[in-house]
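Listed in Swiss-Prot:
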- 1-18: signal peptide (SIGNAL)
- 49: N-linked glycosylation site (CARBOHYD)
- 96: N-linked glycosylation site (CARBOHYD)
- 118: N-linked glycosylation site (CARBOHYD)
- 378: N-linked glycosylation site (CARBOHYD)
- 381: N-linked glycosylation site (CARBOHYD)
- 403: N-linked glycosylation site (CARBOHYD)
- 476: N-linked glycosylation site (CARBOHYD)
């Protein structure tokens, strides 16, 4: 009997652990969506006209002429979801809602997010039909109990507050019709009536402002479809974190604030930089918050420059958030968010008609370039930049391109103006598993104006291509930004099938 009980306990425990490990989105709003920029927010303090009724006021900031992107300029509001406690999800009609004094078209509903933890709950208000002309719209909810006395009647009972926030703090996500966008607002219940003034206190020493621990989170999130998911490397983490830590110290110490130094953590695809500091007694955080907000755009550009994302971030979202120690949504004395979505490039290359879609064939190139010093025998100092090939599952294994079993040749996008033609000293390649060193070839260009470098005569099968190298040896008096026509440290290569009808195109970038 004891053995059966132990066995049942082990099975239940394993199931619970498996469930916990399979949660796709552990934090509100428990789905993948774009949180900023957005013209929509809610007033930070809820209005309460009577017991059990709470009203949320929408604020719409008209998009600036320079704003871009659907979420920043065109999104509507179809539904609003509140992060609530599981215990409030009871049988019966315990929540009623009005929009601008009229009952909502669809009644409020509790739900369990399909991709969130089993214990998570949201309260949904849908078919709201709000937009850029809805500034001041008011959504009011009335909380009650069912006939068994069950239900949450205050915001303190209803809302699941963010980490570190007091009870009654509510997180609300404003979803558009697609839904792609979900700006998040945090609101608090109205303050209670002030107590009668106390008698004059005895003179006491001015207390020291408690320390503020602020963290900067840089998060890279994959967006399918995806051939090569990004994996954060120690070099990228350290390079980005060092710059953020240096900026934090410079900003904080400019206010004559005690600064304890930064701690750096890299976990998964999240870079986390935290620091603690204290303002002098009575000093506001206003100026410090403004400087932190201004720094967000620069910190975002460390990973995703405004000139274009590196190739290894294609189909990824990069977000920089300022919050408390815990997770990016934790509340602290400072806050802010900046985000961008990196899309694959679309160069005017190759100059022939063929299928360029990545994974059209089984032959692919990784999105990272390697570099090393060029041959010492050259008359000029040089650097070797190499693509690394990999064999992948083709998109359509039974199609013309998917059936390709041989890599005939490769072509690289290069700047063929006369001054740049002379900057490439050689092309080189090496099959996977080959015992011989790189084989060097004189550069072979296409017709003038085609900007095409050719690496012919490969004829590799899958075993030779999986891990093979194709390289350019460039003089050090040029750089990839100029030679590869991209304005950044990114180059393009396509890989041809024997019939030249299939030529999947790939970008690769240097890493810090």
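Backbone N, Cα and C define each Cβ position, glycine as well.
The shown structure was predicted, so the numbers you read here are calculated from the model rather than taken from an experiment.
Taking the C-alpha atom of residue 378 (N-linked glycosylation site) as reference, the shortest distance to any of the glycosylation sites 49, 118, 403 belongs to 403. Within 10 Å (C-alpha to C-alpha) of residue 381 (N-linked glycosylation site) lie the following glycosylation sites from 96, 118, 476: 476. In three-state terms derived from DSSP, residue 96 (N-linked glycosylation site) belongs to an extended strand segment. The Cβ of residue 403 (N-linked glycosylation site) has 397 as same-chain neighbours under 8 Å, each 6 or more residues away in sequence.
Per Cα geometry, 118 is the residue among the glycosylation sites 49, 96, 118 nearest to residue 476 (N-linked glycosylation site). Here the Cα atom of residue 118 (N-linked glycosylation site) is found 25 Å from that of residue 96 (N-linked glycosylation site). Counted within 10 Å of its Cβ, the other Cβ atoms near residue 118 (N-linked glycosylation site) come to 12, all protein chains included. Residues near residue 49 (N-linked glycosylation site) in space but far in sequence (CB under 8 A, at least 6 apart, same chain), listed by position: 55.
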